[in-house]
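Per TrEMBL, the feature transmembrane segment maps to 6-27, 34-52, 64-87, 94-111, 143-162, 183-212, 218-238, 245-264, 270-290.
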Amino acid sequence: MASDFFLTQIGGYSLVLGMIALSLMLLAGYGGMVSLAQITVAGAAGYVVAIFGENNSGVYGFGWPWWIYGPLAIMIASLMSALIGWIAVRTEGIYTIMITLAVATACFYFAQQNYALFNGFPGYNGLRAPDVFGLYWRDPVPFYYLCLANAVVAYIAVLYGARSTFGLTLQAIRDNPRRMRAIGFNVTAHKVFAWWLAGLIAGAAGILLVWFNGRISPGTIAVGPSINILVIAIIGGLRHPIGPFIGAVIVTLMQTFAIDIIGAERFNTLIGLVFLLIVFVSPDGILGLWERLKPQAGRDDWRSFKKAANKAEKKGRNA
């Protein structure tokens, strides 16, 4: 039986980060649109939970039930993502990254300086997950399985969505947008819809992130966490929906154990070195490296089998 620490701090947290990175993978891997605003979208859902949900202090929060503020948070996050996408799809490449970075930075400073709505720099503390049928969703086991269920749904949605008509069209737009526009496809609408879908995933993860931390502040949506999501997605791989979850597990394990060994001040240096090493060895991340090594291992096994068969045949002839 896994300990509560590993269930929550490693398992649950990795799944939450993996979902946010999955929303980035959907945009970058299938749409060719790299976003640095996914943690901002998740944070928008988190602030909705903080403002309208329950808290332990009673100082703020409307105390609405989860089945009202949960869908509201996801809806606002998806609409915000679609709005960011509507702005960003008019650019390509590095300009898309810069626009999303500008949006993320603007949202960070807006939340930090707005005390009336976002409670400024301190943010909201003492936030609590709901009790459903006497089960507290922040307890280690319920929280882990709640995160797992959401991650599985998001993973399956992206996996099979990529094989749908929309997903195949989006990938064709990624490869040659001019040709797709010339044959009559609405390129902008497909891209904005992809942003909206990514917002649904990031919004659901944002709710879980707030329940996990019990708080949210502008630091949650700062530039550093935005870059961390990009690092997670790239380390795991952007070519398959499982990649972001692999990257999330690696980064979470490093955050949990490496800091005690090398110190918090050197942790970002370690992450940077690991990131550079993986990108240098395999631009497609850990998953890409595995896919390259697997056929090679198969070829080596086949060569070994042929050698053994030839040796056996020679021995049979000599006998």
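Placement of Cβ uses the backbone N, Cα and C atoms for every residue, glycine included.
Each of 6-27, 94-111, 143-162, 218-238 was scored by its Cβ pairs under 8 Å to the transmembrane segment (245-264), and the highest score goes to 6-27. In this chain, the transmembrane segment (143-162) touches the transmembrane segment (183-212); three or more CB pairs sit within less than 8 A of each other, excluding pairs fewer than 6 residues apart.
For the transmembrane segment (94-111), same-chain residues at least 6 beyond its ends with a Cβ under 8 Å from one of its own Cβ atoms are 33-37, 39-40, 43-44, 47, 84, 87-88, 118, 120, 123, 218, 221-223, 226. Proximity of distant same-chain residues to the transmembrane segment (64-87), defined by a Cβ-Cβ separation under 8 Å and at least 6 residues beyond the stretch ends, is recorded for 23, 33, 35, 37, 40-42, 44-46, 48-49, 52-53, 99-100, 103, 130, 132, 188, 191-200, 202-204, 206-207.
Sequence-remote contacts of a segment are chain residues at least 6 beyond its ends whose Cβ falls under 8 Å from one of its Cβ atoms, and for the transmembrane segment (34-52) they are 20-21, 23-24, 27-28, 60-62, 64, 68-70, 72-74, 76-77, 80-81, 84, 88, 96-97, 100-101, 103-104, 107-108, 111, 117-118, 123-124, 127, 195, 198-199, 202-207, 209-211, 216, 220-221, 223, 225-230.
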